[in-house]
Amino acid sequence: MGKTNQSSVTEFVLLGLSGYPELEAIYFVLVLFMYLVILLGNGVIIIVSVCDSHLHTPMYFLLSNLSFLDICYTSSSIPLFLSSFLTTKKTISFSGCGVQMFLSFAMGATECVLLSMMAFDRYVAICNPLRYPIIMSKNSYVPMAAGSWIAGGVNSMLQTSLAMQLPFCGDNVINHFTCEILAVLKLACADISINVISMVVANMIFLVVPVLFIFISYVFILSTILRIPSSEGRRKAFSTCSAHLTVVIIFYGTILFMYAKPKAKDSSGADKVQVTDKIISLFYGVVTPMLNPLIYSLRNKDVKAAVKNILCQKCFSGGK
């Protein structure tokens, strides 16, 4: 009987904020503005990292990878999210949902590894400055970045294939903005134990291990900075890693708040919690990629100088 009741799902309905129409117009304007800032800010980081020879260093190579990742991550979901406000049909095809899930998972896992690689770069720069050119040579930092992308892609391929192979029994309404894997798994009419176990293992590898690596790196960095005799030297040393540390705190802080906070037990509070979870998820998916280039550009004199040089060259060539 169980098999006869199963129906093949060809598309999913993304619920989003459809239950709160008064919020949709506000969020459309906000998200559109933030998406444009993401494209502009991260695009500028990539352009100056490529065009300015002074920024052809391991740190800016990894930073440009982070900026490209943020553009890919937001572009996998935000355009569809915005279009859902302009139409009454808030659906996504089964294959489209799989692609969106893959990209979201891949970009998230890649960013975790990439941030740990950037922490290692800062560790070598501050704790072993004389050996920095040798340890962080092109033969080292290019494979580090490539390995981050490959690891994220392989993990995402595994998680997405396991999720999309599950049978779905007619209920195709996803209570989320996007095809978030946990929301999709709730619709499956089969045992998801393997999915849960694989996600726990993946979280240990791509969340816990990078966090520990970053934490240990900054323990050594701070101990080295505190041993610098002059206050000016300590300030300069800390300024080289403050932007990365800020990005790490925002990125992991949002994840921890999103998944570690307690759930409401009563049904009346559960509805409010679901809306809160969606808004937090939106913050993680849009605000964090928007802040990354702002943090690095506002706190970094090299990026500011590179932008000014490129603008001056454009004006000078235009004047000619």
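Every residue gets a Cβ built from N, Cα and C, even glycine.
Those TrEMBL annotations? Automatic predictions, nothing curated.
Keep in mind the model is a prediction, meaning the values are calculated, not measured.
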Message: If I go by TrEMBL, the feature transmembrane segment sits on one of 279-298, 299-318. Which?
response: 279-298
Field: transmembrane segment according to TrEMBL, located in which of 141-158, 177-194
entry: 141-158
Message: At a C-beta cut-off of under 8 Å, are there same-chain residues at least 6 beyond the transmembrane segment (141-158) that contact it? List them, or none.
response: 58, 61-62, 65, 101-103, 105-114, 117, 120-121, 198, 202, 205-206
Message: Are there residues at least six beyond either end of the transmembrane segment (279-298) with Cβ under 8 Å to its Cβ atoms? List them, or say none.
response: 27, 31, 34-35, 37-38, 41-42, 44-45, 63, 66-67, 70-71, 73-74, 77-78, 176-178, 180, 243, 246-247, 250-251, 254-255, 257-258, 304, 307
